[in-house]
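According to TrEMBL, the feature transmembrane segment maps to B:12-31, B:43-62, B:69-89, B:109-127.
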Amino acid sequence: MSVWLTGAVVVLTLVAAVVLVVALVRDEPAQDRTFALLAVTEVVLVVQLVVGCVLLAGTERDVDGVLFVSYLVGVTLALPVGVFWSLAERTRAGTAVLLVAVLTVVALQLRLEVIWSGRA
Amino acid sequence: MRDASLSSGPGRVLVFVYGVFAVAATGRSLVQLGTEADRAPVAYTLSLVAAVIYLVATTCLLRGGVRAWRVAVVACTVELVGVLAVGTLSYVDTALFPDRTVWSHFGQGYAFLPLVLPFLGLAWLRATRPTAG
């Protein structure tokens, strides 16, 4: 997998996680810039989906293709669903949902790396 | 009757976490059963059971109402018994669980969240106990 893409996703999501924890502690709803940050992350995730599929097609590694692609698709869904679900309630609960969505992306990135390395 | 209280406030966070686990467990068990069912039939079947429990819990929290509340209590209780039983079994009888599942080793592969979730679920259901009946 592209180290640059995974790195970008992890950095973006960790920054978002910190911003969301601060919002949670201050009991403020998530700001527009936070949503913009999540949107940028989502764009990178979609790029990762495309690049991941291309790399999978050309690799000699022993990667479980079905598993790999299902994780790539799954990781692109976490943020949109989380944002949608959080917008109905712009309180601490909504912010917490965003935080869970962001952490889900981080966890899935780690799994993706393991699957790509063929150790899954 | 639609009662939004089960899926608002802390319930909203719970629904999302349960939803993530429902998708994760369903996907995992289907892939496992579809590609290598012979390797660990017991473990993979239990994975599917876990997936169904998560789906039921998510649906009940989303629907709300007295009946959904009752079903959710049953689902969370089964989930708690399941994660404790499978968690213990996976340490005692390693031959039965050659591959990781959602509940084996008390959900170690999922940051032990599968062990924490049923407690959170039951605590939330306790807090939202329907007053009538």
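Using N, Cα and C of the backbone, Cβ positions are placed for all residues, glycine too.
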For the transmembrane segment (B:43-62), distant same-chain residues with Cβ under 8 A (at least six beyond the ends): 6-7, 11, 14-15, 18-19, 21-22, 25-26, 28-30, 32-33, 37, 68-69, 71-72, 75-76, 78-79, 82-83, 86, 96-99, 101-104, 114, 121
Residues from the same chain, set at least six apart from the ends of the transmembrane segment (B:109-127), whose C-beta lies under 8 A from its own: 10-11, 14, 17-18, 21, 24, 50, 57, 69, 72-73, 75-77, 79-80, 83, 87, 100, 102-103
